[in-house]
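Below: the structure, in structure tokens.
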Amino acid sequence: MDKLLIRGGRQLQGEVRISGAKNAALPELCAALLTDQPVVLENVPRLQDVATMLTLIRNMGVQVERGDDGTVRIDASRLSSPEAPYELVKTMRASVLALGPLLARFGEATVSLPGGCAIGSRPVDQHIKGMQAMGAEIVVEHGYMIARLPKGRERLHGAAIRTDMVTVTGTENFLMAATLAEGETVLENAAQEPEVTDLAEMLIAMGARIEGHGTSRIVVQGVEKLHGCTHRVVADRIEAGTFLCAVAATGGDVVLRHGRADHLEAVIEKLRDAGASVNAVDDGIHLHAQGRLAPQSFRTSEYPGFPTDMQAQFMVLNAIADGPSKVTETIFENRFMHVNELVRLGANIQVEGKFAVIEGVEKLSGATVMATDLRASASLVIAGLVAEGETLVDRIYHLDRGYDRMEEKLRGIGADIERVKS
Ligand SMILES: CC(=O)N[C@H]1[C@@H](OP(=O)(O)OP(=O)(O)OC[C@H]2O[C@@H](n3ccc(=O)[nH]c3=O)[C@H](O)[C@@H]2O)O[C@H](CO)[C@@H](O)[C@@H]1O
Ligand SMILES: C=C(OP(=O)(O)O)C(=O)O
């Protein structure tokens, strides 16, 4: 199992290229199932979840060609089995995104229930309720959602869907399903994340009729058929945010090429309040930071609030900041798995329910730590970059699930980090 060996204490300088967003590429690969014409996605990141999604759709009989330049060409003109099996879904919850497109185009789908994961229970009740409102019959049997259209019906129908909470993949599933449904679908309480907007733009390029994306009310007029398109995946705001935190923590001066400052406002505001200089530059984000930063309390919330996917990484800044802070996690019930490992590196953090209370310390010291989920892993890497001595981050398959060659990019800006095989 691969590990990352980090020798901390180096300042980071230079330029990093931000990849396409994992959380946009995954629904967009599923959106290619909505048409019998070829779809070309550009700027698809090289990471394990994308590889898993490609395996998932290939398993369905879909033709996939992947270029070295980040381009993926998908031809879903033929489909042998509309199924997302447990073996693949268990490693990647985003497989649930196959449900909407398969139901909308083929009238049936069998998708494994994703189950819980390290960050919380992550149910899919809202996905099921929404698809039922659009006319699907869904039974849950043997760990699978088995969905089909009633006898005699060829298409889903439009519906008014208001989810109990804002759900990102739920909104994406409904959006994709609604494009081919009969009539109008209105999504209330819709997710406004940039990845949802990017998906909507791709669907519009395929001939879908969508309005209101980027707001909490999205209206879709169903069409009979969608056509192929070429679409460029939006830049990964969480990858960019992770690098911003890394450079703010170590001190240094970096430009994140292709990073979108407009998608990271809540995080950038906190970085500025902490004392870093952060500015949007031509096609990128520039950050300069020096010395100990001021602690920042924050609570996670839906976009445009502070992203839960940045909570663990920002917590490292608080762990070494000059004073106390409080972090409140409102989206997932168990997303403080990094805390115990940060404490092993010398951080002073207490968790009580959804609150983490942090007392900044002057320095961290290297140790062997264990990654438990994707963003927890990223926070441990940042902590390792700051810590005195050597840090060995174990179980980095979590990191590989969602970051495109992270250690290579960090080495490119001066980090002392290497992958060790064992
Ligand atoms: C592939 C992808 O895009 N993943 C992102 C997506 O996950 P994902 O789409 O799975 O997260 P959701 O937005 O759906 O989850 C938000 C909250 O709603 C709850 N919920 C959701 C659906 C449902 O049917 N029932 C239910 O109770 C969840 O348990 C959670 O507490 O948004 C999360 C929140 O920004 C991010 O952390 C993930 O990185
Ligand atoms: C939680 C995340 O991803 P997923 O929803 O794929 O588990 C994430 O990207 O931080």
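Note: Cβ is positioned from N, Cα and C throughout, glycine not excepted.
Note that the structure is predicted; figures quoted are calculated from it, not measured.
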Note to self: Looking at the UDP-N-acetyl-alpha-D-glucosamine binding annotation from TrEMBL, with Arg93, Arg122, Pro123, Val124, Asp125, Gln126, Ile331 already listed, which candidate in Asp68, Asp69, Asp309 is the matching residue?
What the structure shows: Asp309
Notebook entry, point to check: Hey, does DSSP put Asp125 (UDP-N-acetyl-alpha-D-glucosamine binding site) in a helix, a strand, or just coil?
Noted result: helix
Check: How big is the gap, in Å, between the Cα of Asp309 (UDP-N-acetyl-alpha-D-glucosamine binding site) and that of Lys22 (phosphoenolpyruvate binding site), rounded to a whole number?
Finding: 12
Note to self: When DSSP is mapped onto helix/strand/coil, what comes out for Cys117 (2-(S-cysteinyl)pyruvic acid O-phosphothioketal)?
What the structure shows: strand
Checklist line | In sequence order, those binding-site residues of Lys22, Arg122, Pro123, Asp125, Ile331 whose CB lies under 6 Å from ligand 1 | finding: Arg122, Pro123, Asp125, Ile331
